[in-house]
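Worksheet for the structure shown next.
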Amino acid sequence: MMIKIFDSVKREKVEFIPLKKGEVSLYVCGPTVYDDSHLGHARSAIAFDLLRRLMEFEGYRVRFVKNFTDIDDKIIKKSLESGEEIGAITERYITSYLEDMQKLGIKRPDIEPRATESLDLMWEMIQSLLQKGIAYQTPRGDIYLDVKQDPSYGKLSGRGEDLEQVSRIESSEEKRDPRDFALWKSYKGQSDVGYESPFGRGRPGWHIECSAMIEKHLAKEGDYAIDIHAGGSDLLFPHHENEACQTRCATGRELAKYWMHNGFVTINGEKMSKSLGNSFFVKDALRVYDGEVLRFYLLSTHYRMGLNFSEEDLLASKKRLDRLYRLKKRVGEGEVGAPSEKFLERLLEGLRDDMNISRALSAMDEMLTLSNEELDSSPKERALQATIRGNLEVLERLLGIGAKSPILYFQMGVSPEEKEKIEELIKERAEAKKAKDFARADEIRKSLSDQGIALLDTPSGTLWERA
């Protein structure tokens, strides 16, 4: 068993070797909770949910931490504009995010810390950096890290000299170098938020928050704090570069052995961004598409590639997922056997190669085709049915798809009001059959069929699905 992942530092695929045998520590940057989550958040969550599932399937004990940034300029701005307390805003959007992730089939992280819960550790790290002369406090009370003190600055992103980009993000006349970044922001008055600290009233910089939460919940002794740090490629610089820098300077070790980054989601070729006004919120998408279909669509492009949102491609993904559920419906419930060795080998070959989803889904498609052919030849062979159920269970465990009952899957897209009308007609049809009014029963079946609804009579009653 060898898993290869693309390491952003080495800029190539490398063999994953854990810091401790049989264990994986994984940290993924979570959202800044000032608004609902968009498809960019969803894609990142799905990408590293797949990584976690693969590691767990391979027998690793994964300790997965994903944070919430609950203090930030954007949150403060929203509070000032709306008059709503910051705590109420962040609580609402944390709940909203978790609801969205649940509908997308994302496994909950082991720990979901909030930045404000780790202020004491942030202070310790900042104090250490000040004592070492790596950080400095300005007359206004802001504290910056002096990046010239870190010879390795820029190693992660390859953009250590990108002065224009850094100064645009965080400019200040009091910086010694435009690349210096804030560890602590002094309190600026009533339009700001402040916490009492050893350095005066203020609040943490964005980057120090993640370093502190990693130290608190995941860090191990040794050359690296954790195995894998992951997130969107938009975070590579300056956020991840600055995280790596401050941890290296404060602790004397590297933050992560491996860094992984997923590609952007674009709309009409532009990166999805709330600031650009082109965010496609997950909640908006879920009003139109089932969460599992959306998951499968976002999963179907390799995680490092950009994904330009396309309704046509999404519908193609649904048809592909339909095939899986039609096979699941065909074999029905029953004994779950061991999966086909050939199928499992091909599936894992793809996923072990930096989560090559194209190869993995090709293995899935071949399995679906072969399974249907074998069922055509031997429709009642129980051993075959058990193997197919085993194959489907593997897809559920690894890819997070196929967990629904086929009936529920094929009912998606029907509104609650429509469902109620369909159930009423099914009840009326049952009463007509009981009264031997078969003409009326057939009339109801045909009426529903004309609306795209197929009826399935079973020993336990009549079921229905969208045809």
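These residue numbers are counts, starting from 1, taken along the chain as shown.
Backbone N, Cα and C define each Cβ position, glycine as well.
Residues or ranges marked as Zn(2+) binding site by Swiss-Prot: Cys29, Cys210, His239, Glu243. Residues annotated as motif ''HIGH' region' in Swiss-Prot: 31-41. Feature annotation from Swiss-Prot assigns region 'Disordered' to 155-174. Under the heading compositional bias 'Basic and acidic residues', Swiss-Prot lists 158-174. Feature annotation from Swiss-Prot assigns motif ''KMSKS' region' to 271-275. The ATP binding site annotation in Swiss-Prot covers Lys274.
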Around Cys210 (Zn(2+) binding site), how many other C-beta atoms are within 10 angstroms of its C-beta?
28
Integer mean pLDDT for the motif ''KMSKS' region' (271-275):
62
Check: same-chain CB within 8 A of Zn(2+) site center, minus Cys29, Cys210, His239, Glu243:
Trp206, His207, Glu209, Ser211, His229, Gly231, Leu235, His240, Asn242
So how many other Cβ atoms are close to His239 (Zn(2+) binding site), meaning within 10 Å of its Cβ?
19
Please list the DSSP helix, strand and coil residue counts for the motif ''HIGH' region' (31-41).
3 helix, 2 strand, 6 coil
If you run the three-state DSSP split on Glu243 (Zn(2+) binding site), which class comes out?
helix
